[in-house]
Amino acid sequence: MIMEIIHYTNSYMTRVYSQFDIPLHQQKLKILNIIYNFTTIMVKLKSFLVLFACVLGMQALAKSGTLRFEDFLLRDTSHVIHGTLDNGFQYYIVKEVHQPFQMSLLQKTGFHDDGETPEISHLLEHMLATANRPIATGDTLIQYLKKLGKEYGSGFNAFTGANFMKFDLYQLKSELAYADSCMEILSEIAEGSKICSEDLERQRTRMINEVANRKYVLNARQTDANLGVFRFGYDPAEWREVQLNSAKKITLSQLEAFYRKWYHPQNQCLLVTGNVPDGIEKIIKRKFGSHPRVPAPSPTILDFTDKNMLIERWGSTACSLTLNFALPILTQAEKTSPNFFRDYFALKQINHALNEKIRERKFASNFVTRYQVAERLMLTATFTCDLNEELPGGGLQAFVDSVAALVNDVRSNGVKIKMPKDTLKKGEVALRCAQIMKRLQEGNGEGNTIDRVLQPDVCFIYSLPLYKQENSDAYWTFMLSGKDISDYCKNFINKSKITIECVLPYDYPEKEITEKLNAFLRH
């Protein structure tokens, strides 16, 4: 059609110009100029019409121009069922037919809730899981486990963390009647448990030995020191003494009072995973739905103390330096905003980009970056340098300078990352966003996987959403530009509380390195 217009335009304008005394070559130049301008207008009009069609497509595809928090939530009941009973008790059923069947009782109570009695939650865990504790069936716990074909200590376990306690039954038979019998143990722990006074001293001794021996295992020693220094304000050795002294004095009445204070349905959840037998949801409702709901305190979330550095030692020739960047504690409003998914997606992108940036600089013999979300969003980078190797620039202090230079660069300049929004045409980006928005608004998340960090237990403990991972990530992939991610990175680093964990060889002098690290923290 355009060629026809050019032909007729050329013919018509030749006749027009021939009526005037205008040289032929000038006539042709003017005609070509008119044709060029006309063609340019047509191309721009075509681009406008394509963009306009995309906008109309967006309106037709999406219910509205914005997404609600609820649109991101995973509701694919063929994979995951999340429910809340009338008494506040929650449950997750995660169906994975090729995985072993197991169940866990989660309790929102941990070391942060110990208050003036450190280790009381830990000792209560021992007492609720002790072999000789009488249970409602008339058996002791170990007797009942044997009836179920489970060995005490292998098919049943318990754990206490900073913000939760967990009681696990695993490697179970995928049979409904068997599941009913197993669930009786966890239901009885959740409400109405009797603490076995006869086992108190034996379990106290076991727990004290466990706490004392943790100082000989680096990871365990670091975990304890991290809690003591950054949450309670003690030096590592002082904190260990506080733990041990408190554990020696805890009484039966204190344990019973602690249990009555915290063990209520609104602080509890049953997590069932693996090859789950059909009908398990009815059993959960029957076992836990009758537990009375009574007023209970909200779980304790401790903020950081003013201490920001921890020095540990190990029998290695390497130095390990971990930097933790932690944003302020998330409010409930922030956890239930669509922007939560945007920020979490951006955090994952930052983690990847930071990993690449460190790799390019080649100043560490080994490194790892990782992101986490719990009561807050966090980013961690761990660097290792072998002191037996020749380090560029002059040893360990130069290594610390390289880490500091990296952080200062990221704080000021962010990270380099390209997103589809930076390379694709606006119309294509708009159309892709509309298509994904439609899936988020209308779909239940079928085909989406569970995020490896935001697992159901984490979601329950910290009141976080189980979300449509692939759909959400696809949406923000097209919504955010590289500059958006980089700006978020700068904002994240600048707003974060920074803590440092440094692990040195036993014989390495500490003074100079701590002075340099303190200077970095002050800056």
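Cβ from N, Cα, C; glycine included.
Whatever TrEMBL says is automated annotation, not expert-curated.
Over in TrEMBL, the protein carries these features:
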TRANSMEM  34-58  transmembrane segment
DOMAIN    113-213  domain 'Peptidase M16 N-terminal'
DOMAIN    249-359  domain 'Peptidase M16 C-terminal'
Handout entry: Whole-number mean of pLDDT values that fall within the domain 'Peptidase M16 C-terminal' (249-359)
Key = 97
Handout entry: Helix, strand and coil counts within the domain 'Peptidase M16 N-terminal' (113-213) (DSSP)
Key = 49 helix, 16 strand, 36 coil
Exercise for the section: Please work out the helix, strand and coil residue numbers for the domain 'Peptidase M16 C-terminal' (249-359) from the DSSP assignment. Expected result: 50 helix, 22 strand, 39 coil
